[in-house]
Amino acid sequence: MLTRPHPEATAASGLFNLIRQYAIWLVLVTVLLASVLLSLLAGYPQLSLADLYLSLVSDAQSLQQSIQKPIQQLVLTELRFPRLIAGLLTGAAMGCAGFLLQRLSQNPLTSPSTLGVTQGSALALVLVFILGIEMSPVMRFSAALVGALFAGGLLLVLMLANRQRNDTSTLILLGALMASFFAALTTSMLLLEQHAINAIRFWLSGSLAFVPAELLPVLALICLSCFAVSYLMLPGVNLVTTGEAKASSLGISPLRVYLVVLVLILLLTGASVAVTGPILFTGLVVPHLARLLVGVKASAHLSASLLLGAIMMTLADGLTRWVAPETSASPSIPMAIIGAPWFMWLVYQRYRT
Amino acid sequence: MSYLLRHLWLIALALISVLLYLFNGSADTLALLLSEQSELAWQLVMELRVPRLLLAITAGACLACSGLLLQTLTGNHLADPGILGINQGAAIAVLCSVMFLPEQMLVGQALAGAAGSLFTLTVIGWLSQRLSPVALILCGIGLSALLSALLNLLMLSAETHQIGQVLTWLSGSLSGAYQEKALWLLVMALPVLILSVLLTLHLKPMLLDQHTATALGLESSTRLYCLLAAGVLSALAVTAVGALAFIGLLAPHLARFSGEKTPAALLLPTLLWGCILCVLADLIARTLFAPIQLPFGLIIAITGVPVFIFLLLKKPPAAKVLS
């Protein structure tokens, strides 16, 4: 060693750091399990652990006996489990999208919900309603997904038309402009056809309710494949953020990395919004918090973002149902209550002199 | 004098839009005027359309002026009271005042709007000295998200027609314009506009960077007054008309096409373009889906955004603007 080791760097402190690193993951997983339990048990029929156990155990039996299951188990299997899985997947998806966007733009103030994808979804839903098409849950999901992908695709095309293709500041600005554009179109249609307001207001507030179980495999497919590709893209993202020249000289095409990551962000956000409606601030808060907890190493940061995203969504949903079980309050409310001051604190902390 | 001659076409365009506005709409006013029912036609024009026109012109001028001041002060051609979040701050304040003060008190709402706008403006002004233009826009986006969250909260509990009203107001609407309101806005805005004219005469050094400007004699008090003027103008416009966006962004951009460079010279084209945009947008909003009247802010957004995206993507100096 060319330098003397730091006087306090003993073997014990090394061990302590190691334990602390693993402890954080342990704490995260524990909090996740706790929020899973909360999400399953809280709500209008307030359930207990015994109901949960019975539901898991007696599923096989009652299939054979075809007796009528008690209401608690029905609630669990038909409503709560799909809701939980949807919450975990969409939370992790928003966490991943936020991570990718913040890494790419190197700015913790960016959020994937402001790229116009959410507003594109809303527009598609209002259009579908006005055209008089039947609004089954699957139809709603497909329409919202198509709207989200359309908005995302438009953004992608505009970014390609941009002279400086890797410019994230243009991305943010274009995203904000597209969001205003789609929001203006949606508001026009809502004002022209005021019946549509009733149809869409519940979706617009963002909620995990009424997620049909048929959609879950599609959602899982999209989310999990995007997560896998994100892990694969991590080296590329790291290199691209060090500068275009360095990345090119190391053989990675910055444009290709940029485009693939953008597609991932838009796909993840689109799928998440199509299922739950717009729940803001998740993609903003989660990656920053994850970085504070586990540090800047990309794979750890991504994994923590996924975990934290799932935790936040499930926790917000569970808390909302625990605190106000008989209303249809949405998880957006606790998200906004945490997220908005957080955002302001972030700005203050980052930019005070 | 040559200055006015150079911009004669713009003045003519403004006059043409005003005439089009006054004589177009759901009633065929010109024909009525020439027939025996000219009394009715005059009444229609004077009582319904003129206040609305006055409101549109004043609001457009206020927002355009505010946008020009902000763009000059921050040195960023993307500044706009809507994008920076000032309008959203005012809108949040007015929404809260509407939720908690149920009476239709224009003065109370105006005060709330002014307070919200000035508070947001102070924060933005403080931040603009330390932030890159992109980060400022991010703050504005954050404030918009906050407004959306508040709106969604409202949506859950309110009636459908109330939601319709809130959406209309938030998009910037001239329906319900009446004489007192238009005169109120004119009276309140005119001093500030005159003040802005006087201030822009001093703002030429701002074309360079901040330090050089200070070295050339631009005092920080002048900058502060400009910021305050921008905030007050946008607060007045938001209170009267709703949270309009893009006029403060588009009008100075369009004015720059006329070739002027200094803020003082840009002021007249900016104000004219602001008026033209508002008047034409409201004309379209009134007549497109007659008898339903859309809020004209939506028309401005729907037509303005593609124009602005086109401008943004076409200009190579976008890099310099955003860095």
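Including glycine, each Cβ sits where the backbone N, Cα and C put it.
Note: TrEMBL annotation is automatic and uncurated.
According to TrEMBL, the features are:
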type	residues	note
TRANSMEM	A:22-44	transmembrane segment
TRANSMEM	A:81-101	transmembrane segment
TRANSMEM	A:113-133	transmembrane segment
TRANSMEM	A:140-160	transmembrane segment
TRANSMEM	A:172-192	transmembrane segment
TRANSMEM	A:213-237	transmembrane segment
TRANSMEM	A:257-286	transmembrane segment
TRANSMEM	A:298-316	transmembrane segment
TRANSMEM	A:328-348	transmembrane segment
Q: Look at every Cβ pair spanning the transmembrane segment (A:81-101) and the transmembrane segment (A:257-286), keep those 6 or more apart in sequence, and say whether at least 3 of them are under 8 Å.
A: yes
Q: Would you kindly check A:22-44, A:113-133, A:257-286, A:328-348 and say which stretch has the most C-beta pairs under 8 angstroms to the transmembrane segment (A:298-316)?
A: A:22-44
Q) the transmembrane segment (A:22-44): which same-chain residues, six or more beyond its ends, come within Cβ distance under 8 Å? A) 51-52, 75-76, 80-81, 83-84, 87-88, 293-294, 304, 307-308, 310-311, 314-315, 317-319, 321-322, 325-326
Q) Which residues, given as numbers and ranges, are at least 6 beyond the ends of the transmembrane segment (A:213-237) yet have a Cβ under 8 Å from it? A) 78, 82, 85-86, 89-90, 92-93, 96, 99-100, 103-104, 137-138, 141, 247, 252, 257, 260-261, 264, 267-268, 271, 275, 298-299, 302, 306
(Q) What residues elsewhere in the chain lie close to the transmembrane segment (A:140-160), defined as a C-beta under 8 angstroms and at least 6 residues from its ends? (A) 115-125, 127-128, 133, 170-171, 174-175, 178, 182, 203, 212, 215, 259, 262-263, 266-267, 269-271, 273-275, 277
